[in-house]
């Protein structure tokens, strides 16, 4: 409601549950800000890459762990549990990313988080629930393990794929520390860093430029003491715009969350 309130009333701290008068001026500023859309596009790109890579890697790691004939399963199961208790730390990870030449690239945000023990356990639990008789019949018909995974296991596990994909999207969308560490080009910053600069450091370049651009309406707002209110409305409106993608995705996958939580509680 703050983003839809008149700037003059916001400057006077006259804020109620519903705005006294709806004013969409803040959203005109927001949708006209090229930096916002650039950050938006970066976040979408990073979220898409992170989701695709993480889901692919974790699912293909988990599938062999459910095949009885595979040797060394105990070792590989133990290996994925180690990161849950021990971590190399931020500085060694940064040095590794730098040595690989990934700094200031999208892969610096994608590859370090590609493998998740929690996701692997969820995939493994789901794959184990599929009857082995189905796989055996496919092997008798001459199907390779990859074909069994792609044509049999994957279609029967769509729910867990959707759940983990949503986890990846939300995690990447809300990621703050990794882009702050690995990116130094402002044109590659995601939406989370843009919001931080806007809300925490109080940088509202769009508002400043528009208020001084010679537009009579905006100058009138400033003359009435609405400059501060305009900045507040822009901040609140930007936050609203930033959560729209997640709000659009969540209702379609919400019904699968209970199953995902149950799978997480039974880790096979």
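First residue shown is number 1, and so on along the chain.
Backbone N, Cα and C define each Cβ position, glycine as well.
What TrEMBL records for 40-249 is domain 'ABC transmembrane type-1'.
What TrEMBL records for 44-63 (among others) is transmembrane segment.
Sequence-remote contacts of a segment are chain residues at least 6 beyond its ends whose Cβ falls under 8 Å from one of its Cβ atoms, and for the transmembrane segment (75-95) they are 61, 64-65, 112, 115, 117, 120-121, 181-182. As annotated by TrEMBL, transmembrane segment applies to 75-95 (among others).
Positions annotated as transmembrane segment by TrEMBL: 107-127 (among others). Same-chain residues lying 6+ beyond the ends of the transmembrane segment (107-127) with a Cβ under 8 Å from its Cβ atoms: 46, 49-50, 53-55, 57-59, 61-63, 65-66, 80-81, 83-84, 93, 97, 153, 157, 159-160, 163-164, 167-168, 171-172, 175, 178-179, 182-183, 190, 260, 263-264, 266-268.
Annotation comment: TrEMBL describes 148-173 (among others) as transmembrane segment.
Positions annotated as transmembrane segment by TrEMBL: 232-253 (among others).
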